[in-house]
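See structure below.
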């Protein structure tokens, strides 16, 4: 897309054109035209009915609208110049969740007629950037992609916040009638022409002059020190219009080898045309070819010149006449920015090549070219492949072109390092040209691979028993039909978000509660119900964005996640914060309300607390249309860790989720296991009371029940009869869930290992320290074994026991190279060790 006038940072002044049309009822003066003056002296006249660009949040993508009215509001002091417009929307302005409804990827020039009346169509005239051309197309017409249409916008469909639809017939007819009218097109072009900078016009004229004096292939081969915009990449060869320069020598024999499919007469005619010098302006100190040379060129003769007496003519301007044929570039020196015209060229035919040519003509052998001629043939093949690539548009030809480029560069390096003529004549070898073209191996990794989830080969197996069905229903990721025991909290959150959506304002709500009390699940259910209401037009449409502090590597990355989910853009944290601040703090009228859910808010705490401050400050701005729902585990988090300026912006709308009671946990389990007989009633009552007394965490209750079903299945495999989950199964599961893994490991350890742990505690109590050497612990271990009548192990066996307990992280030990003096510590508390070692 072109860069609009907003990027030039010019100052604009607006003035009315013509007499006003008074409107006494509304205290307004209507106008038909307005003049926009720029500080460089140019003027742009804009009339009612034209399409204009309006300043927006993104200077690169301004808003597009059609002027309906131009008026001056006399009720305000001072009077303001205003306009009433019909909005268009770009594809990037449509919510990300609705873009898939288009079914295709639109070009950047396509806009959509906004067919809704909820946006404010009254704007300030000073926000107008300038006129723009908009072309209306039928839905079946194709948008052109040529260079002339880059500054033109096209409209084919309309957008009504729900779906894309073709333009109404009356709208399409009016737009096309306006497009065909010369009143809107010619003045527009004339005015915009004055706005363009003279430097750009001069550059365009120079480019046109260059293109007229040179062929397209020469223009493409311009050196890198001259940058010309809009350079064409077309390449034609010989009869197609390719011209060569007089300083480039091409062997007629190499042309025969590379283009043997053409006729001899056509080849001679093409060669005579290519050797003719192009038209160039007269320059001082320019060397002109002799008449003998001109006669030879006209007759189509390509006799070799003598290296000592002949001089290759070169142009004075290397920027416009030098090609990429690397012989002259590598062998001719450069003095004071100009190539020397008296240095022999690398393209001169050596003596041994002429002798070889005479011998081949005598014996009528096939013509063999040297390395320089092979390079010429390679370059000729390269141009042929480029021409075929432009004509056919085949991607494989482009890959072959790259291989030829690399091969020609290797040839350039080889030629630049060639020895002198005498040494070259001595080391000359016969080389057989390769007949099969070189093929590039295809990369193993595809360039345009689309990541996707692997397809399932087999269907999902149905649960084979009631216990498997119960495990599926009791999983924390299973979505229930309803959320029991949270009806009041659901209604409060729903009413808060619904009121903000209907009023078009923003706000914050802080939700707190211990883990597993249904905070996130309740908010998800509220959003799901609101989205269903938005589809039936009960509430205005909105965008839903969710971020979780646990999934962020750094608190400032929350800006990146929000921007990516809102617009699909990727940016750094600082840039994303600026874009979001511009979006939520701007005065745009065509914004859709955004509902932002921030889970694990306490993990977004920073030293300056700027992340929390911005999240709570954005909804307070007028026109932000942002609703923030924050979730944390601490009830008094705002008072404990937040500054006053942060907690005051959070507001007083807070909600606390209390832990579940045993009756509520029982109701949750019964609702999940509805119409399924897998648990005894006493077992459900037991687990509900146990969990309610400890934490009230519903997730922990579901996990205990799932583990109990697994224990029940294992007992059936050992020979017991398959029955319902009993109290014994649940007690075993509760012991596993609430007991420490260290205690379980100590209980399942061997007798020698348990005796070694008792020796460690005995030594700690004797010395009064929580650290001892292996020698001290070993003496205590031997004494305990004698008291209990057990055979005490040797020093090596005790060292192996110590190492094994250290590998289990029950002990913290030094490396074994310290031997008897290595220090040992407990990695668990002494009370836990004594609790695990007590006899039941």
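Quick reminder: no glycine exception, Cβ is built from N, Cα and C everywhere.
Under the heading domain 'BAH', Swiss-Prot lists 44-170, citing sequence analysis as support. The site 'Histone H4K20me2 binding' feature in Swiss-Prot is assigned to 93. Annotation source Swiss-Prot lists region 'Disordered' at 195-218, 242-301, 392-456. Annotation source Swiss-Prot lists phosphoserine at 197, 255, 258, 276, 291, 332. Taken from Swiss-Prot, the feature compositional bias 'Acidic residues' applies to 392-414. Residues annotated as compositional bias 'Polar residues' in Swiss-Prot: 418-439. Look at Swiss-Prot and you will find 479, 513, 514, 515, 516, 517, 518, 519, 520, 521, 600, 633, 699 tagged as ATP binding site, backed by similarity to another entry. Residues annotated as region 'Necessary and sufficient for ORC complex assembly' in Swiss-Prot: 480-840. For 599, 600, the entry in Swiss-Prot reads Mg(2+) binding site.
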Which Cβ among the binding-site residues (479, 514) has the fewest C-beta neighbours inside 10 Å?
479
Checking your reading of the structure: which of the binding-site residues 479, 516, 518, 520 lie inside a 10 Å Cα sphere centred on residue 599 (Mg(2+) binding site)?
520
Taking DSSP three-state, what's residue 599 (Mg(2+) binding site) in: helix, strand or coil?
strand
Rounded to the nearest Å, what's the C-alpha distance separating residue 520 (ATP binding site) and residue 93 (site 'Histone H4K20me2 binding')? Just drop the number here, would you?
29
Which residues, sitting 6 or more apart from residue 699 (ATP binding site) on the same chain, put a CB under 8 Å from its CB?
476, 515, 516
Please determine which of the recorded positions listed here (93, 518, 520) has the lowest count of neighbouring CB atoms within 10 Å.
520
If one looks at the chain holding residue 600 (ATP binding site), which residues at least 6 apart in sequence have a CB under 8 angstroms from its CB?
548, 549, 550, 631, 632
In the domain 'BAH' (44-170), how many residues does DSSP put in helix, strand and coil?
20 helix, 57 strand, 50 coil
Between residue 518 (ATP binding site) and residue 93 (site 'Histone H4K20me2 binding'), how far is it from one CA atom to the other, in Å?
35
Distance check, please: Cα of residue 514 (ATP binding site) against Cα of residue 93 (site 'Histone H4K20me2 binding'), rounded to an integer number of angstrom.
39
Using DSSP reduced to three states, classify residue 699 (ATP binding site) as helix, strand or coil.
helix
Looking only at DSSP and grouping its letters into three states, which state does residue 518 (ATP binding site) belong to?
coil
